[in-house]
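Note sheet for the following structure.
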Ligand SMILES: Nc1nc2c(ncn2[C@@H]2O[C@H](COP(=O)(O)OP(=O)(O)OP(=O)(O)O)[C@@H](O)[C@H]2O)c(=O)[nH]1
Ligand SMILES: [Mg+2]
């Protein structure tokens with residue numbers, strides 16, 4: 001199923017398919033947030049923002065507005 | 001002739017242990033912490049290599065790549081792109097974390113492209129077993145064109161092997177790992193032909209970011225025919241990153257094996273608890289409460305002891321040293337002044353202990369995660385929490401810690417509001433004022449009123465910071481795209497040694513830093529207080545003894561009156577009385593005024609200054625503590641205590657909000673690169689403080 005990274009539920013894994021490169025900080029790309037890589041949503045902050053993901057073995061927190069710019073294809077559902 | 005020293009630069013992703021390796025190599029004690037962005041400046045040390053060769057090691061801030069996105073990262077690029085920099089390394093040591101090797105190698109391949117001899121340190125080797133990681137070192141060395149040192153800087157393993165590799169740096173390969181220019185051959189060919197003498201990758205770095213270096217200026221390239229739009233450049237950078245990861249993945253496929261059956265559950269479990277929507281905040285709040293508790297309640301015992309010791313020392317000095325001007329200065333100026341700082345060692349040590357524990361454990365990053373959304377509303381970033389919390393120790397390192405906030409606006413607001421948080425220099429003032437005006441009683445059975453007041457003052461500080469951030473956010477209307485990427489490090493058991501070093505070094509820095517200022521100011525104030533212009537000062541004794549109302553006093557009381565009269569007519573008395581009209585509406589007399597003025601050098605001199613003034617103003621040899629003296633001060637006009645409730649509250653508020661710290665202003669100037677912001681801090685905060693104190697005093701008196 002296609003969605004944006006912001007649409008993932010806690011514990012879901014997905015593959016990054018595409019993103020709006022102008023809206024994504026370069027630093028995030030360098031941490032491995034690149035098309036083809038698997039991303040897992042680990043935590044959502046209590047107030048709904050930011051989210052805490054694991055991509056390419058990098059554990060990072062990013063804001064929703066950034067996550068919305070990243071398209072993903074969901075591969076697993078919450079267990 | 002001495003052999004030339006080898007220049008070594010430690011480079012790597014944030015939090016990979018560069019500073020730990022640095023400390024191992026140099027034997028120095030730079031601050032280490034499990035939070036990305038502990039080191040924000042170049043630090044230098046020297047190392048003894050085998051065969052009596054000397055080396056200079058530079059510790060650098062962590063960076064994810066050679067594309068800088070915050071100022072601390074810029075430090076690295078500026079150094080590596082400038083061959084004329086006096087610190088330009090002979091050998092680059094890239095420090096990586098074995099658990100994050102893939103990502104860490106991205107930076108490594110970039111540095112290899114600069115054709116500098118490079119050693120790869122794979123650090124945290126002690127964690128390999130637990131994580132089920134094994135490495136094929138010869139394979140990796142061959143495919144990465146480098147030499148590898150497997151190191152555990154915690155356990156001190158592999159450091160000697162690293163030293164040997166450094167010694168042998170001339171034999172390291174300088175060949176790049178991959179050919180980055182293949183992402184756009186046509187473009188790079190043109191570039192190569194236009195600047196045949198420059199390294200291609202270096203040109204590329206200069207084009208893509210805002211660093212100037214040496215002879216080759218950025219404009220020169222941009223004015224040539226290679227201009228691309230920002231967006232085109234970024235697309236190329238993405239291609240470059242993908243290409244590098246392809247290479248790294250290929251190498252690691254055979255070079256690294258991970259047995260994923262080994263448990264790695266702890267992190268997830270702790271994360272679930274610490275960032276839980278209820279427990280997360282409760283835990284954070286409890287930790288803050290614990291810190292207050294330790295500062296106020298647990299520190300009291302050693303503080304009382306220190307207070308008494310210094311009072312005894314002071315009276316001992318005045319009795320056993322030969323009488324004279326110098327003795328007076330020591331007994332009445334210097335000893336109480338120093339005592340005024342030393343007394344706060346317990347509180348400051350506790351504060352640094354907790355902050356250090358929060359950083360070392362990895363918890364600080366979780367707070368950043370919890371708080372980002374709230375902070376964003378006030379124009380701050382989740383990362384602003386770190387300066388705001390460590391600002392409770394001292395605003396100077398706190399303002400520097402704002403460097404890893406990527407967004408200039410969020411960073412600027414953080415810098416501007418951090419001085420509102422209650423730093424340790426305010427503690428001396430708060431503690432003594434609270435003990436004078438708030439009864440030491442329990443409220444509702446278990447809240448100590450004094451402790452509660454102190455906590456209220458801390459909250460007031462945070463409130464001031466948040467509120468002014470909100471206002472600044474409204475005023476500074478630059479449009480910007482907020483962006484926030486915060487790495488969440490793995491949890492680590494804090495290393496006792498790291499924490500201890502941290503606490504000791506920082507406490508030492510505080511005591512000596514403040515000690516110097518207090519020493520200087522006590523001497524100045526003592527001098528100005530015991531000398532005066534004109535006859536009033538000189539003939540004080542004759543004047544007092546002639547006054548009819550003093551006729552029946554004992555010799556002791558007369559001495560006191562003479563001293564007080566002299567003080568009023570001394571230089572400091574004259575200065576104080578000149579400024580008195582300005583501060584009178586706030587409920588302060590001229591002596592407090594002097595203490596406030598000298599507090600603009602540093603707040604903690606308040607108590608010392610008053611101690612000095614009161615000492616001069618009374619005939620020596622009585623044994624009262626500073627607090628007793630303050631309590632005994634009587635306003636000659638009203639006959640009321642000088643430190644009554646209204647004045648006390650007004651003073652507390654003044655110290656809570658006023659910008660009284662030259663060092664903070666200097667660091668703000670340095671960090672923002674302009675006088676505008678420190679001046680705004682100085683006048684904005686102090687005006688606000690004046691108004692609040694004025695209102696409070698007028699309402700309460
Ligand atoms: N287990 C283990 N932990 C280590 C080792 N070396 C460093 N650490 C820990 O890793 C954390 C980061 O260490 P630092 O030396 O501050 O890292 P840094 O690379 O200087 O970090 P920045 O200055 O923030 O870029 C600290 O908590 C260290 O105690 C090691 O060999 N093994
Ligand atoms: Mg460091």
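Yeah, the Cβs are placed from backbone N, Cα and C, and that goes for glycine too.
Where the annotation comes from TrEMBL, it is an automatic prediction and has not been curated.
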Seminar exercise, completed: When TrEMBL is consulted, the range among B:250-276, B:385-411, B:412-438 described as transmembrane segment turns out to be B:412-438
Exercise. What range among B:197-219, B:220-242, B:450-472, B:473-495 does TrEMBL describe as transmembrane segment?
Worked result: B:450-472
For this session: Report yes or no: does the transmembrane segment (B:679-700) come within contact of the transmembrane segment (B:329-358), defined as 3 or more CB pairs under 8 Å with a sequence separation of 6 or more?
Result: no
Exercise. For the transmembrane segment (B:509-529), which recorded stretch in the set B:278-301, B:329-358, B:450-472, B:645-667 gives the largest number of Cβ pairs separated by under 8 Å?
Worked result: B:329-358
Problem set entry | Inter-residue C-alpha distance, residue B:12 (GTP binding site) and residue B:27 (Mg(2+) binding site) (nearest angstrom) | 20
Seminar exercise, completed: Expected list for ligand 2 (Cβ under 6 angstroms, binding-site residues B:15, B:18, B:26, B:38) reads B:18, B:38
Exercise. Of B:23, B:27, B:38, listed as binding-site residues, which ones have a Cβ less than 6 Å away from ligand 1?
Worked result: B:38
For this session: Determine which residues of the same chain, besides B:23, B:26, B:27, have their CB within 8 A of the center of the CB atoms at the recorded Mg(2+) site, and list them by sequence.
Result: B:22, B:24, B:25, B:28, B:29, B:30, B:45, B:47
For this session: Fill in the CA-CA distance, residue B:15 (GTP binding site) to residue B:23 (Mg(2+) binding site), as an integer in Å.
Result: 14
Problem set entry | Rounded distance in angstrom between the Cα atoms of residue B:23 (Mg(2+) binding site) and residue B:41 (GTP binding site) | 15
